[in-house]
Amino acid sequence: MNSLLMITACLVLFGTVWAKEGYLVNKSTGCKYGCFWLGKNENCDMECKAKNQGGSYGYCYSFACWCEGLPDSTPTYPLPNKSCSKK
């Protein structure tokens, strides 16, 4: 029983340690989600935790939303074969 608990704890730890992080990206433009209030930022945190993103925490870093705890399925900046096209 103790072995099962240890294995479960290790799997949870690996999931937390190996979780994806990066800048949130707009899939249609290829640009990062921008922000102005550096550090703790409610908008970035809300965007990162949104159902379609699945992150655990977000904050403003270098004037863009940085997310932690993202699932592998969530795209982050830069997108392959797509550069940021500001028009």
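Any Cβ shown, glycine's included, is placed from N, Cα and C.
Quick look at what Swiss-Prot annotates:
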- C31-C84: disulfide bond (DISULFID)
- C35-C60: disulfide bond (DISULFID)
- C44-C65: disulfide bond (DISULFID)
- C48-C67: disulfide bond (DISULFID)
- 20-85: domain 'LCN-type CS-alpha/beta' (DOMAIN)
- 1-19: signal peptide (SIGNAL)
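Taking the C-alpha atom of C60 (disulfide bond) as reference, the shortest distance to any of the disulfide-bonded residues C44, C48, C84 belongs to C44. In three-state terms derived from DSSP, C84 (disulfide bond) belongs to neither a helical nor a strand segment and is classed as coil. In sequence order, C65 are the disulfide-bonded residues from C31, C35, C65, C84 with a C-alpha within 10 Å of the C-alpha of C48 (disulfide bond).
Cβ contacts within 10 Å of C65 (disulfide bond), excluding its own Cβ and spanning all protein chains shown: 26. The Cβ neighbour count for C44 (disulfide bond), using a 10 Å radius over every protein chain in view, is 26.
Restricting the disulfide-bonded residues C31, C35, C44, C84 to those with a CA within 10 Å of the CA of C67 (disulfide bond) leaves C44, listed by sequence position. For C84 (disulfide bond), the same-chain residues lying six or more positions away in sequence with a CB closer than 8 A to its CB are T29, G30, C31, K32, P78. Taken residue by residue with DSSP, C60 (disulfide bond) is part of a strand.
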